[in-house]
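Down below is the structure, laid out as structure tokens.
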Amino acid sequence: MLGKPEPAPPGNHRHGSPPPVHSMRLEKPAPKCNDAFFAILFVGHLVAIAYFAFTSGLDYLKHFESEHPSQAAHKSFTMVLGVSGGLIGFAVVFSALWIQVLMACAENMIRFALWMNVGMMFGFAIMSMFVNPFMGLFFLLGAAINICYINAVQNRIAFASAHLKLACVALSNHKSIFALALLFIFVQVAWLVTWSLSAVGVYQLFRSADPSCEQEESRGELCGGAGFNVTIFFLLVSVYWGQQVIQNVMTCTVAGTVATWWYNARTESAVAGSLYRSLTSSFGSICFGSLIVAVLQALRTIVRTIKNKAAEDDNVALACVACLAECILNCIESLVEYFNMWAYTYVGIYGFDFRSAGKAVMQLFDSRGWTAVINDDLSSTALSIGAFGVGVLTGVIGLVVAKFAPVDWTKNTTGISFVVIFGGLGFIAGFSMAMILANLVITALHTIFVCFAEDPVSFQRSHPEHYNELILTWRHFQPDALVAAYGSASGVTAAQLQGADAVTNAIKLCQYPACQAFFASLASLKCTDAAGNPVSGASGVCSALPKSTGVSTFLASALTRVGSCGRYMSYHIPIFVDLIYLKACMDVGFFYLEGHRIPIALQNAVYEQMKQFFHLPETEKRKASADKNMRGWAPMYEETLDPAHQSKGDTKEAYHVCRPSLPDEVHLPLHDTDNVFPDAHTLPQFKAVTTAYFNAMSALGLHVAHLFADAAGSPGYFNAPGMFDR
């Protein structure tokens with residue numbers, strides 16, 4: 001039963017107490033083509049690029065080949081292409097093995113990566129000493145800073161490794177995502193080839209229209225004048241836009257896949273469904289965000305070109321201005337890419353439009369207070385070093401191929417250049433392939449952060465075996481952030497409950513009289529150790545006693561968890577709430593829930609909406625009649641509590657609301673229909689109010705159910721997949 005919420009103490013939020021327990025999972029919007037204008041603009045731009053590529057560009061290429069035939073060049077190209085394909089194959093194998101190693105040894109990989117940076121700094125310092133001692137000292141300073149950094153983040157390595165392993169597990173459960181990433185590499189290559197042909201074709205059009213083109217080219221200038229300079233900018237935007245869109249389609253697909261895995265135990269079609277949404281309803285949002293980055297990249301490229309040209313001409317003033325502009329653009333681009341990184345996670349999870357996605361994710365982490373947690377993530381270091389290692393391995397294979405290659409392969413090149421080409425190809429193939437997988441893992445990490453921030457309890461139901469390890473990691477390394485996720489009925493943080501005086505501190509710090517009284521009663525109880533000797537409850541170590549010894553003894557055993565294991569207070573709901581529930585259920589049978597933080601305004605609003613609905617004419621109410629899954633209005637006498645002993649149905653009307661079904665649930669029983677609501681013109685606020693109340697009560701009810709299980713000594717009872725699907 002729900003009563004009026006106990007008012008929060010004055011200044012509660014000002015003093016940093018954690019928010020109430022609730023899920024922040026957002027409602028999935030109705031499917032639609034978000035930011036459609038940018039999708040149309042991108043497709044139109046693709047058509048233009050293809051037109052110039054397959055008309056002017058391809059014609060020029062055929063003309064050039066007819067005037068400059070070269071069998072040797074064709075043979076060399078075929079040879080390089082074949083070797084590159086083989087090296088890419090090795091890169092795929094090594095990258096897959098690297099992911100497996102990462103899953104098994106994530107913590108060691110992170111440590112190795114951190115110390116690898118130190119080793120590289122020392123190596124550069126030694127080499128630089130022979131050229132410039134000051135440069136050597138600079139690298140030594142960098143090594144010292146890295147050592148200090150490693151010392152500072154020692155306690156966070158296990159935290160990062162737990163998330164890294166979980167991201168790899170999520171991806172490994174959907175192996176088709178790796179094949180899709182490989183396919184997207186070929187899409188990127190096809191895009192670059194098409195764009196290059198188009199750029200050549202456009203230049204040839206300007207070249208043929210410029211009568212003084214030969215003189216301009218003899219001076220090292222491009223034909224076309226100012227018109228072509230403007231065209232260059234749009235061509236640069238085009239190439240970067242295409243690359244960004246391809247990359248971000250993959251990002252949204254991974255985010256959608258991992259989110260589906262987070263909320264569901266079985267996700268056979270997650271990759272296909274996420275890819276479909278990325279290429280349809282979310283495609284405009286992807287194009288929108290990608291265009292912003294593409295414009296910044298194009299501007300930065302032009303400014304860098306101006307800077308280099310000014311340096312060649314000894315124009316110091318222009319070079320300095322261009323350098324400053326490049327620095328500013330770099331900063332802006334980094335900020336935009338950081339924003340996009342999380343925005344695309346929300347686009348992939350929910351299908352939001354680009355602006356709503358960015359706003360939602362910023363609000364989420366601001367309300368949870370997890371900005372520092374995200375910034376402290378060490379996973380990217382391990383991923384980059386691992387990619388470098390894969391590149392070195394494939395580079396070595398390239399060198400071996402060069403060493404044992406047939407003689408006719410090298411007759412047109414020197415031995416050294418041939419070795420450099422194949423070694424370089426091997427390194428580039430390996431590093432690029434590994435970085436593609438690294439980006440998949442990083443996207444999976446971001447999705448896990450978002451999903452854990454929104455709704456950690458859903459993961460407990462869908463994957464309890466992974467949930468336990470993850471929650472233990474958060475309890476140990478980020479207890480205050482975990483309190484922010486789950487809430488705290490006492491308002492006491494983990495740090496305040498450490499040490500022998502935990503009970504005394506709790507009595508002082510608790511904000512509610514019931515909480516203070518409970519801890520006071522604990523302080524007065526006595527505990528015994530494993531040998532039966534009496535010990536002080538506040539500082540002693542009490543053995544966990546079986547429930548059969550009685551409620552009072554069981555309460556006494558809680559002193560162990562409250563006193564010497566204060567971090568337990570930051571896990572789920574504090575232990576004293578579990579024990580209050582146990583005593584209420586065993587000694588009384590009922591309890592009155594206060595302090596639940598369901599806003600009184602929301603309670604009044606839902607009662608008012610229901611009152612208005614039930615007073616509508618029956619013809620209006622029947623428009624919202626319950627469907628086969630009991631969503632909607634049930635009229636008088638339609639429902640029967642006890643059919644065996646009732647001659648007619650219950651004397652009541654009812655209105656049922658359920659949670660929205662996820663995309664991969666619509667084929668399941670009870671999930672193949674949506675909620676039914678009255679006509680929006682009749683009751684315009686009904687849907688919004690009842691949905692908000694349903695979400696708030698569902699979150700509260702779910703936590704209460706877990707508290708029942710915890711208090712009864714069966715904390716995993718409600719973890720079964722599908723337990724709360726309705």
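Quick reminder: no glycine exception, Cβ is built from N, Cα and C everywhere.
Listed in TrEMBL for this protein:
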type     : residues : note
COMPBIAS : 1-10     : compositional bias 'Pro residues'
DOMAIN   : 583-678  : domain 'Non-haem dioxygenase N-terminal'
REGION   : 1-25     : region 'Disordered'
TRANSMEM : 36-58    : transmembrane segment
TRANSMEM : 79-100   : transmembrane segment
TRANSMEM : 112-131  : transmembrane segment
TRANSMEM : 138-157  : transmembrane segment
TRANSMEM : 177-202  : transmembrane segment
TRANSMEM : 222-241  : transmembrane segment
TRANSMEM : 283-303  : transmembrane segment
TRANSMEM : 315-336  : transmembrane segment
TRANSMEM : 382-404  : transmembrane segment
TRANSMEM : 416-442  : transmembrane segment
Within-chain partners of the transmembrane segment (177-202) [C-beta distance under 8 Å, separation at least 6 from its ends]: 49-50, 52-61, 92, 96, 171, 231, 235, 238-239, 242-243, 246-247, 249-250, 253-254, 257, 271, 275, 432-433, 436-437, 440
Average model confidence [pLDDT] within the domain 'Non-haem dioxygenase N-terminal' (583-678): 79
For the transmembrane segment (36-58), sequence-distant contacts whose Cβ falls under 8 Å of one of its Cβ atoms, 6 or more beyond its ends: 194-202, 204-205, 238, 241-242, 245, 283-285, 287-288, 291
Tertiary contacts of the transmembrane segment (138-157) (same chain, 6+ residues out, Cβ under 8 Å): 107, 110-111, 114-115, 117-118, 121-122, 124-125, 128, 376, 378, 477
Listed stretch, out of 112-131, 283-303, 315-336, 416-442, that has the most CB pairs under 8 angstroms to the transmembrane segment (382-404): 416-442
Long-range Cβ neighbours of the transmembrane segment (315-336) (under 8 Å; 6 or more residues past either end): 292-293, 296-297, 299-300, 303-304, 306-307
